[in-house]
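What follows is one structure encoded as structure tokens, with my remarks underneath.
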Amino acid sequence: MLQQLSVGLIFFGAMLINAITGFAGNLLAMPGTIQLIGMTDAKVVSTIVGLFSCFIIAMVGIRSVVWHEVLKITLFMIPGIAIGFYLFYTLDLSFLLYIYGTVIVLIAVKSFFTKQGQYNMSLPVFLLVMMCAGLMQGLFVSGGAFVVIYAVHTFKSKEEFRATLSVLWVVLNTILLIQEGIVGEITPQNSLLSFYILIPSLLGVYLGNRLHHKISGKGFLLLSNILLLVSGIVCFFKV
């Protein structure tokens, strides 16, 4: 019971943040959840909870969604997701998580010293970022940190940023859920746990939706960069 309560608290905080920013929910939830219930169950729970939570966030801001960006990002992430699926069953994921954490911390630190604003990312950089995003989404349901590298320089407002990324996570989590079902990772136990975890998660979404309107655009970008840094650091927790 204590284990389930701990996972519930983790997802409450993670989905509250996710509702404010449109990303970082699974980034923040996965490391601690992996420790508590194991890699596979953590992946399934994160996929299910993330799917429902992001669906609600997306519906709230549906008019701000940039649909062609959802399609563009999804298509270019799919190759990385496919590779992530393969590596999940072949590599030492603890070691890979440490590498992931290192990369995210470096990205976050760089973001603090980089002037934000719209610009056209070069095609090679875009392809690399989307490949990395897909890879981490397939491995840890946590591709958000790399997507944000592109998103913070692409969307005109925090509303576009948040709504578009939320729709993206609905699409990607649906793909992951289908894959998890095909390989038999979804069980009655982790499905029931996901149902229980949805309760505090949706409460976090509700509170996050209210707080979202109180944060300025500048504060929104600062929070996004801070979350990148925190997300990278928590990857070094014992797995």
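Glycine residues also receive a Cβ, built from the backbone N, Cα and C atoms like all the rest.
What TrEMBL lists as transmembrane segment is 7-30 (among others).
Marked as transmembrane segment by TrEMBL: 42-62 (among others). If you look at the transmembrane segment (42-62), the same-chain residues 6 or more away from its ends with a CB under 8 A from one of its CBs are 7, 11, 15, 18-19, 22, 25-26, 29-30, 33-34, 36, 88, 140-142, 159, 162-163, 166-167, 169-170, 173-174, 176-177, 180, 185-187, 190-191, 193-194, 197-198, 201-202, 204-205, 208-209.
Look at TrEMBL and you will find 69-89 (among others) tagged as transmembrane segment.
Annotation comment: TrEMBL describes 95-113 (among others) as transmembrane segment. Remote same-chain partners of the transmembrane segment (95-113), defined as residues 6 or more beyond its termini with a Cβ less than 8 Å from a stretch Cβ, comprise 27, 31, 87, 132, 136, 139-140, 142, 145-146, 149, 152, 225-226, 228-229, 231-236, 239.
Annotation comment: TrEMBL describes 125-149 (among others) as transmembrane segment.
Per TrEMBL, the feature transmembrane segment maps to 161-178 (among others). Counting same-chain residues at least six beyond the ends of the transmembrane segment (161-178), those with a Cβ under 8 angstroms from any Cβ of the stretch are 20-23, 25, 43, 47-48, 50-51, 54-55, 57-58, 60-67, 69-70, 73-74, 77-78, 81, 137-138, 141, 143-144, 147-148, 151-152, 155, 186, 212, 220.
Annotation comment: TrEMBL describes 190-207 (among others) as transmembrane segment.
The transmembrane segment feature in TrEMBL is assigned to 219-237 (among others).
Each of 7-30, 69-89, 125-149, 190-207 was scored by its Cβ pairs under 8 Å to the transmembrane segment (219-237), and the highest score goes to 7-30.
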